[in-house]
Amino acid sequence: MSTAQHTPPMNKPLHKRTPSQTDIAEFKDLTKRDALTRLQKTVNKLVLTAQPQSQKNVRAEMDGFEQLFSRYLLDNVDQPSIDWQEIQPPPEGTVIAYKKLLEANIDDARDLLNKLIVVKLNGGLGTTMGCQGPKSVISVRSGLTFLDLNIQQLEQLNRTYGCDVPLVLMNSFNTHDETEKVLQKYSHVSVKIYNFNQSKYPRLDRETLLPVATNVEGSENECWYPPGHGDIYQAFYQSGLLDQFIEQGKEYMFLSNIDNLGATVDLYILKHLLTDQTKHEFIMEVTDKTRADVKGGTLIEYQNKLRLLEIAQVPKENVDEFKSVSKFRIFNTNNLWINLQAIKRVVEDKTLHMEIIVNNKTTEKGVNVVQLETASGAAIQSFEGAQGINVPRRRFLPVKTTSDLLLVMSNLFTLNRGNLVMNSQRSFPSVPLVKLGTSFIKVKDFLSRFQSIPDCLELDSLTVSGDVTFGKGVSLRGTVIIIANHGDRIDVPPGAILENKIVSGNLRILEH
């Protein structure tokens, strides 16, 4: 029996060619171009679903979104964007001590203040603290809300110096309508109040990278998102307010989070901005890191530019080094002073660059989505003469949680016309480290667990976990840890003084 010899067909190569780096790059490039084209087609259809009178605005917003998406594809932002070896500490003179500014003589306060506008980021909801509506309407001290305190501060400033510093609120679509209603009660105050909306961008399906919204008008809010506070530059420009303030002779904005109760107008920083020989288009207030701030962004020099380095940009193997208080000693408070003409220039010239933050979320319907965001401080690299000022800790008093709320409601601070001032009886300037457990997350539950806010003047650190309540007139000193295990309850009795104590188990005060 003869056997036929098998020979491979001539048209199939014996060796499979391995794709070269060029092939892979070309494939990725085509994929990206394809993703952008598909997105643009879908976005064009979305724009057409808007009411005819609002299509122009929606189109402008979607142009901004397409630019952001295009940069997302180009930057390949899933990878950390920093070469760790190239990081340098900020050059001498780029971060200066606040106390150096105190040597200035301020005899022209009114003129300085008339060149300033105050902008507060007001896009956040109070949901993380269990509250409905904008976070700025949560009551934080003596029945006053964040918004009340901010308006009181500016009212006092305008009256004292006979100046006209306006308050500008950047709302999101989540907070705008409610804020508009609340602002009606301030019609009598001596502060001009303006507000505008930041952009409303479509969330993208993580698999297809296409918008989950099918309609601009009818889609649920969870199909959309506000793209972070880095949107301030574009949104402020689009609102028309930027040009309006420049025409009025305003030169700088002081930008901060509305929930940072330490972010008040500072005449020494303003004087420095308007009179220093070097023109500073952008100043970032930084302050010394504590154990509570190890994740905060820090200033570095990178490729000959002053840059903000955020933890998301740090390679995994360098995260511990980034958190080190000895190597990176300062962090960004997000109190920013920015020249208005410079904002106009970088927006119009398209030279504004901020790293993209990729925020992965899951909607209530279980769809995995991507949000592309930017942070306002990252724009520091786009401005001339940028500088950091190392300010005292008192200028950073954020209220993100009820643990923070405990501090600002306590006797650690006194309230003076909208300004929170550290109690002079506190022997050191830093605030205690407070960690309240899950039973305290919502403001309503938090308030129900304190018959009165404890004396915290000598407190260093407080940790509370489980079902714990506090009677009237309790004093907390040193390090205090209170842990009620599952099923147990601890009632701290009225007038109790807890100093360097660990309390655990079960402690009930029975009514009789």
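FYI, residue positions are counted from 1 along the chain as it appears here.
Including glycine, each Cβ sits where the backbone N, Cα and C put it.
Fair warning: this is a prediction, and the values are worked out from it, not measured in the lab.
Feature list (source: TrEMBL):
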- 1-21: region 'Disordered' (REGION)
- Lys135, Gln198, Gly228, Asp259, Lys400: UTP binding site (BINDING)
- His229: substrate binding site (BINDING)
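When the binding-site residues Lys135, His229, Lys400 are compared by the number of other C-beta atoms lying within 10 angstroms of their own C-beta, Lys400 comes out lowest. Only Gln198, of the binding-site residues Lys135, Gln198, Asp259, Lys400, have a C-alpha within 10 angstroms of the C-alpha of the residue listed as 'substrate binding site'. Spatially close to Gly228 (UTP binding site) yet at least six residues away along the chain are Ile357, Glu373, Thr374, Ala375, judged by Cβ distances under 8 angstroms. If you draw a 10 Å sphere around the CB of Asp259 (UTP binding site), it holds 23 other CB atoms from the protein chains shown.
Its Cβ placed at the centre, Gln198 (UTP binding site) has 27 other Cβ atoms within 10 Å.
For the binding site of UTP, formed by Lys135, Gln198, Gly228, Asp259, Lys400 according to the record, the largest Cα to Cα distance is 21 Å, rounded to a whole number.
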